[in-house]
C-alpha cells in the first residue's frame, strides 16, 4: 500500500509566484464561479472566459469579475484554467483555446480526464498541472470566505518551466485549498480513482444498492413508505456520521443490533463476487474502454443517460420519495 509522504499547506505555497500573471478561468459554473472569486479575493488578476453572453456572463459581471469571450480571455492569459464539463473541454480546446492562446501559457485542470485519455494534447512548451478540490464549488467558496479551505489534490503533467509545482500550489493557495491541505497525485491516479469512485459507490453503487434493497422489501409485501425510510431516507444520517466521525465513529453511534447485523450480513451481500466485479470495473477504466464508450455515448446525444434518468424518475421509489418530502421537511427544526 502506497501512501503520500507530503501534504502541502500554506507554508509550502506563495502567491507571489503568480502575482502579476493574467489568469483566465474558463467556465462560470459551480467550480468556475468559486475559483474566479477566490482567486480574485486573493489579489490575483482574473478574467472569465465564456463561449457566449448569457446568464453566466451576467452573473460574472454582478460578482465583479470581467467576462470575455473565450478566445479573447486566453489570448493574453499566462494561466488558463479549464472549469467546464469534461465532455465540453476538447471542443473548447480545439476551437477557442489552442488557436488563440499565447505561446507557453500554462494549462490547468480540476480533473484529469481529458489529459489522461489524450482528448487534449497540450503544446510541448506549456506547463500542465491540476488542482482538484475535494468538494463542490459552493463549498470551496463558502469555506474560503469563512477563512478555511477545501482539501485538494495536485498533479503535474508537464513541467517545462521547472516551476509548475510552485505555480500549482500558488493556485491552490489562491482558492483556499492549502489552508486545509493539498495531496500530491498524478493525472492517471486522480482520473482513474475519481471515475472508479463515481461508478462503484458514489453514484452507481449507492443508487443500485438502494434500489435493490427497496424493491426487495416491497416485493416481500412491506409498505413502500416504510421501505423508503429504511433503505433510502436514513442513508443521509449514516453518511453524515461517516463524514464527521469516520467509519468507527459511525459504528459507535448506531445500536449494537445494527453493528452486529452490519458486520455479519454486510460481508454476505458485498462478497468476493462483488469485489471481483469492482476490479473488472476498474480495469475498464484503466484500459480506456470506459472513456472510449463515454465519448461515443456523448456524441450520440447520451441515449443511455437519458433513458436511465427517465427510468429513475418513473420508479416507485422516486414516486414514494416525492410523496414523503413534505413529511420529511415538516420535521426539520426552523433555522
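Residue 1 is the first one shown; counting continues down the chain.
For all residues, glycine too, the Cβ spot is worked out from N, Cα and C.
NADP(+) binds 28, 29, 30, 31, 56, 86, 87, 88, 89 as Swiss-Prot records it, and from the list 135, 137, 147 the residue named for this site is 137.
For the binding-site residues shown (89, 194), fewest C-beta neighbours within 10 angstroms: 194. Among the recorded positions 28, 89, 111, the ones whose Cα sits within 10 Å of the Cα of residue 194 (Mg(2+) 2 binding site) are 111.
Counting other C-beta atoms within 10 Å of each candidate's C-beta, the binding-site residues 30, 56, 255 are led by 56. In this structure, the CA atom of residue 28 (NADP(+) binding site) is 23 Å away from the CA atom of residue 198 (Mg(2+) 1 binding site). Note on proximity: of the recorded positions 30, 111, 230, the one nearest residue 198 (Mg(2+) 1 binding site) is 111, by Cα distance.
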